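According to Swiss-Prot, the features are:
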BINDING   Cys50, Cys54, Cys57  [4Fe-4S] cluster binding site
COMPBIAS  1-12  compositional bias 'Low complexity'
DOMAIN    34-257  domain 'Radical SAM core'
REGION    1-29  region 'Disordered'
Amino acid sequence: MHNANHPHGNGHPAEKKGMGAHSGAMNMPRTLEDGSPACRLIAWEVTRSCNLACKHCRAEAHTEPYPGELSTQEAKALIDTFPEVGNPIIIFTGGDPMMRADLYELIRYATGLGLRCVLSPNGTLITGQNAVQIREAGVQRCSISIDGPSAELHDEFRGVPGAFEQSMRGIEFLKQAGVEFQINTTVTRDNLPYFKDIFKLCENLGAAAWHIFLLVPTGRAAQLGAQVITAEEYEEVLNWFYDFRKTTSMHLKATCAPHYYRIMRQRAKEEGLPVTPDNFGMDAMTRGCLGGIGFCFISHTGQVQPCGYLELDCGNVRDTRFPEIWRKSEYFRQFRTPEEYDGKCGHCEYHNVCGGCRARGFTMSGSHMAEEPLCTYQPRKKPAADRK
């Protein structure tokens, strides 16, 4: 699940008030001693192996073991470096991370260093026994991907009959063990008409949060062109999402949808509502795309990337210490300078809170600095060349 298909794991997890994966987020340092931004979230693909065959899997994961995965010793050495870049939340993702034999050992090790850990399995491998192991290892939240309100739609998308029922059973085991969970849903043309039904399912299950993901056409998802909704439809969906979040106490978040943060500010201004944590929670304190800015992805072989959808090699932890990659990667430097983005994103007045999806721009154009292709907004500011 948010494993290979959602490389951000818990979708910049659980930014809600009180307990949860972002509990204490207010206390995260904003910058490091050298002036680099602190890392808030690390999605770590501890294995690429997965027992499902999801149509939108960016990793095109399969069940067999992958060569070159970090050893237990290498993994622990990597974990030792995480506190040097701030106080990041560690998202154990995959593939399905539960297919890694030493998973609980690694989570316990990270928890022992004071790191907050969340887990992103697809849910089908969760049992009563390992749900207790998940809790005892120190996992603060699990995210489970559900892409339809029933087995028919979900199983077709996941590529394995019975996946829906297995995930439902896994969620029940998490509940029995007292492990908090959220639901992640990828927006496609097929499931969009059922979004209210999916939300109702989230409510009935007792999910702490519902995160929707805008599809990034990489990996197997590159073959899903017909499932990608248009820029105009995304605008409509995100405006609906803004309104819908007011109807529930459940935490709702749009992920891989940086333009939501522009829409949120536009709508809040229309309503005369200050964009503050009291009114919008952590959404008021973050930006749309955190890739290379407050978030990064580490692959199963140790390659550091801005995100799981964007396979830019920023360095490998086997060759260079992770904190050095975080501080000095040229790709990260570029991402941290939004006025250098190409097209309208570079001169948009919302580039500090949105930034566009670098991965979608790269997929569509071949440039990681390209403008967000699924955005209808036309900036009020003119490009610098036009202002001369």
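Here the Cβ of each residue, glycine as well, is placed from N, Cα and C on the backbone.
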Task: Local confidence of the prediction over the domain 'Radical SAM core' (34-257), expressed as mean pLDDT - done: 89
TODO: Report, as a single number, how many Cβ atoms besides its own are within 10 Å of the Cβ of Cys50 ([4Fe-4S] cluster binding site).
DONE: 27
